[in-house]
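Quick notes on the structure that follows.
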Amino acid sequence: MEHSTFLSGLVLATLLSQVSPFKIPIEELEDRVFVNCNTSITWVEGTVGTLLSDITRLDLGKRILDPRGIYRCNGTDIYKDKESTVQVHYRMCQSCVELDPATVAGIIVTDVIATLLLALGVFCFAGHETGRLSGAADTQALLRNDQVYQPLRDRDDAQYSHLGGNWARNK
């Protein structure tokens, strides 16, 4: 039991040491993205951005250009010796479709219409086979029984009756 409490305390201490002591605000003005700090901003990785006249504000560029990166603020008035980092990741989908109720209804209606047209095409194609006669024509083309089978002679004592020529049948 002591090992589990020690392990949970160790995990908690590790997680708390990674928590930022202060927040770094991200602003969106019109179509641009800005990172604000009380003191100074340091670029770590990603979009470099442009420092404005005061070094407390970093312009990351237009939202539509997907700004992303990691930035560090070097302390605030309260936390002078602390550093805090923020990760910015914008994903502007330029070729996406907004799925409002009208768009979803349009997709469903066009899907039903396309399915019905496909079913109609299959029905028309499968319903009219070319080169095949109807069922009535099949029965007329059959041969009569007399022409296909040879009649057996009167029953003999042999195990099987002998097949002979076209003898007259006894009816």
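Glycine too: its Cβ is placed from the backbone N, Cα and C atoms.
The following features are taken from Swiss-Prot:
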- 1-21: signal peptide (SIGNAL)
- 22-105: topological domain 'Extracellular' (TOPO_DOM)
- N38: N-linked glycosylation site (CARBOHYD)
- N74: N-linked glycosylation site (CARBOHYD)
- 106-126: transmembrane segment (TRANSMEM)
- 127-171: topological domain 'Cytoplasmic' (TOPO_DOM)
- 138-166: domain 'ITAM' (DOMAIN)
- Y149: phosphotyrosine (MOD_RES)
- Y160: phosphotyrosine (MOD_RES)
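There are 17 other Cβ atoms within 10 Å of the Cβ belonging to N74 (N-linked glycosylation site).
Rounded to a whole value, the Cα-Cα separation of N38 (N-linked glycosylation site) and N74 (N-linked glycosylation site) is 8 Å. Around N38 (N-linked glycosylation site), a 10 Å sphere centred on its CB holds 15 further CB atoms from the protein chains shown.
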